[in-house]
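> Checked Swiss-Prot, it gives:
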BINDING   Arg46  NADP(+) binding site
BINDING   Arg122, Ser123, Ser124, Asn238, Ala239, Gly278, Lys293, Pro294, Thr295, Pro296, Ser297, Arg319  FMN binding site
Amino acid sequence: MNTFGTRLKFTSFGESHGVAVGCIIDGMPAGVKFDEEFLQNELDKRKGGSKFATPRKESDKAQVLSGVFEGYTTGHPIAIVVFNENAHSKDYDNLKDLFRPAHADFTYFYKYGIRDHRGGGRSSARESVARVAGGAVAAMLLREFDICVQSGVFGVGTFVSNLKEEEFDFEFAKKSEIFCLDPKLESDFKNEILNARNSKDSVGAAVFTKVSGMLVGLGEVLYDKLDSKLAHALMGVNAVKAVEIGEGINASKMRGSCNNDALKDGKFLSNHSGGILGGISNGENLILKTYFKPTPSIFAKQESIDKFGNNLEFELKGRHDPCVGVRGSVVASAMVRLVLADCLLLNTSANLNNLKNAYGLK
């Protein structure tokens, strides 16, 4: 499916080498101040063009087609489009019938019987432009509640920061070319990425996301738990292979006496849960870690088959990220924002008082 969300519905469209990519956000309340500069800044953060990302240079200028009037949302669908200006489709001519390892080529072809071989079509990281645009719009709603979502890179390849989560430096990450959260490891991260690129290879990365200013009560019970929604959103991002919330995998190694978040004087004394209990936010910071596999597009010689079953050796052309997780940190923030904005809107009907308040009734 290409649509995500319950009350705030986000739909993305477009392919890597098509005319454009974009999104439609339906369900945004009227009267939210629309910050077009912020939208463009978020898209600019996701852009490639540096030696640590894809060399593909796109202006990524957002055009808002609907849903905004005189600087405010109208309550109607918000359509945003970003035109592709720098696709080199000829680089993919030799891949028309070939299945690239670790890509969606094989599965797309056998599911649909047709696939866009130019840059991977819908399975390309280019689709994340739409996610970042949608996440930026969601952030405009979250601002009204002083909810702030921040992400950065805490691991590249075998280099992983040993800083405590509260020590991660988001101010440094804002200035870092690779959104690095640990100033002492930035050079190691960069070297790891460049070494992978220079050896015609790629490398994975780990992204940390913190949400501050959280309210109590976001999320539903059982099948629409906040942690379920967040995992769903993040696992839908290209190249993501794992998501942790709070202690995550660590919790399986702990005892309850250590993992439980005790309360005293109306406050939690720790946050092993990552801000979620019973699928509902408890007001503490949301803590998430997202793990990206190495970019599957590498320039080393590889083996595969074509759609006729022939064995082949090939070398890729084109322009690809040596570490997709770097720009993935921007996408992670976007998806978390979409989830939280959706949950905020769902809460208006969570109980009778909320529903009456929506109509100004007591």
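Yeah, the Cβs are placed from backbone N, Cα and C, and that goes for glycine too.
On a predicted model such as this, the values are computed, not experimentally measured, just so you know.
Help me understand the surroundings of these features in the structure.
For Arg46 (NADP(+) binding site), the number of other Cβ atoms no farther than 10 Å from its own Cβ, over all displayed protein chains, is 23.
Of all Cβ atoms in the protein chains displayed, 23 besides its own lie within 10 Å of the Cβ of Ser297 (FMN binding site).
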> Using all protein chains in view, find how many other C-beta atoms are within 10 Å of the C-beta of Ala239 (FMN binding site).
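Excluding its own Cβ, the number within 10 Å is 23.
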> Can you grab the distance from Ala239 (FMN binding site) over to Arg46 (NADP(+) binding site)? Cα atoms, rounded to a whole Å.
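Cα-Cα, rounded: 15 Å.
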> In Å, how long is the longest CA to CA span across Arg122, Ser123, Ser124, Asn238, Ala239, Gly278, Lys293, Pro294, Thr295, Pro296, Ser297, Arg319, which the record gives as the FMN binders?
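Roughly 44 Å, rounded to the nearest whole number.
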> Cα-Cα separation of Ser124 (FMN binding site) and Arg46 (NADP(+) binding site), in Å?
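On Cα coordinates alone, these residues lie 14 Å apart.
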